[in-house]
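**Q** Take a look at the following structure, please.
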Amino acid sequence: MTWDGLPTQPLLMLLMLLFAAGSESALAGCPGCGPGVQEEDAGSPADGCAETGGCFRREGQPCGVYIPKCAPGLQCQPRENEETPLRALLIGQGRCQRARGPSEETTKESKPHGGASRPRDRDRQKNPRTSAAPIRPSPVQDGEMGPCRRHLDSVLQQLQTEVFRGGANGLYVPNCDLRGFYRKQQCRSSQGNRRGPCWCVDPMGQPLPVSPDGQGSSQCSARSSG
């Protein structure tokens, strides 16, 4: 099963192995924390690499959940149109980027460039009667703004803390599609050799009625296609 089917993987063991690998790679770069990484304390390069948390990644540099974190004001995010955003962050294939809010994206799309009015607006001024039909809002363009993607971002921010507190058993990491909405099947992480429970949801994450035979993902696909 792919990375999107997280319940088939021993998630906690994988996270700890990734953390150990990230720590070794950070320490191997001492002094100076390695290329593309800045130290918290520029006055003591060796001390900056004494621990994994002592190094910061600059904007545009690779990052992940358990490797040196991004510098203040930056956030580790998957690349645009990344098919498996969780996997990318776990294996350190994210990028340090400046956090973008919904208002910022909306402002960019709503303001015309150079102060020029849009052709549709000019047509309305010439022919007011032709603008009677309401304009339908365009679908979500940025997958990061989907409900599942917002949920995933909040989980990733808390993931490292929960693992070290021992509270990550049965962890639920939302399974998102490319547009940031929920995939049909959602599952909790595996617990030892036992697979975590799964359930079916709609694109907004609302649980769907349980099928009588409870056949997991096949039933989710069949129900959505019917």
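From the backbone N, Cα and C atoms, a Cβ is placed for every residue, glycine too.
Among the features that Swiss-Prot reports, compositional bias 'Basic and acidic residues' is placed at 101-126. Taken from Swiss-Prot, the feature compositional bias 'Polar residues' covers 214-226. What Swiss-Prot records for Cys30-Cys33, Cys49-Cys55, Cys63-Cys76, Cys70-Cys96, Cys148-Cys176, Cys187-Cys198, Cys200-Cys220 is disulfide bond, and it gives sequence analysis as the kind of evidence. Look at Swiss-Prot and you will find 26-99 tagged as domain 'IGFBP N-terminal', backed by sequence analysis. Annotation source Swiss-Prot lists region 'Disordered' at 92-148, 205-226. Look at Swiss-Prot and you will find 1-25 tagged as signal peptide.
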**Q** Filter the disulfide-bonded residues Cys55, Cys70, Cys96, Cys200, Cys220 down to the ones within 10 angstroms of Cys76 (disulfide bond), Cα to Cα, kept in sequence order.
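**A** Hits: Cys70, Cys96.
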**Q** Work through the disulfide-bonded residues one by one (Cys55, Cys96, Cys187, Cys198, Cys220) and name whichever has its CA nearest to the CA of Cys63 (disulfide bond).
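**A** Closest candidate to Cys63 (disulfide bond), judged by Cα separation, is Cys96.
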**Q** Do any of Cys70, Cys96, Cys200 (disulfide-bonded residues) have a CA within 10 A of Cys55 (disulfide bond), and if so which?
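**A** For Cys55 (disulfide bond), the disulfide-bonded residues whose Cα atoms are within 10 Å come to Cys70.
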**Q** Hey, does DSSP put Cys55 (disulfide bond) in a helix, a strand, or just coil?
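**A** Strand, per DSSP.
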**Q** Cβ distance under 8 Å to Cys96 (disulfide bond), same chain, sequence separation 6 or more: which residues?
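**A** Spatial neighbours, sequence-distant, of Cys96 (disulfide bond): Arg57, Arg58, Glu59, Gly60, Gln61, Cys63, Cys70, Ala71, Leu74, Gln75, Cys76.
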**Q** Measuring Cα to Cα, how far is Cys198 (disulfide bond) from Cys220 (disulfide bond) in Å?
**A** 10
**Q** So which one is it: of the disulfide-bonded residues Cys63, Cys187, Cys198, which has the fewest other Cβ atoms within 10 Å?
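**A** Result for the disulfide-bonded residues Cys63, Cys187, Cys198: minimum number of other Cβ atoms within 10 Å at Cys198.
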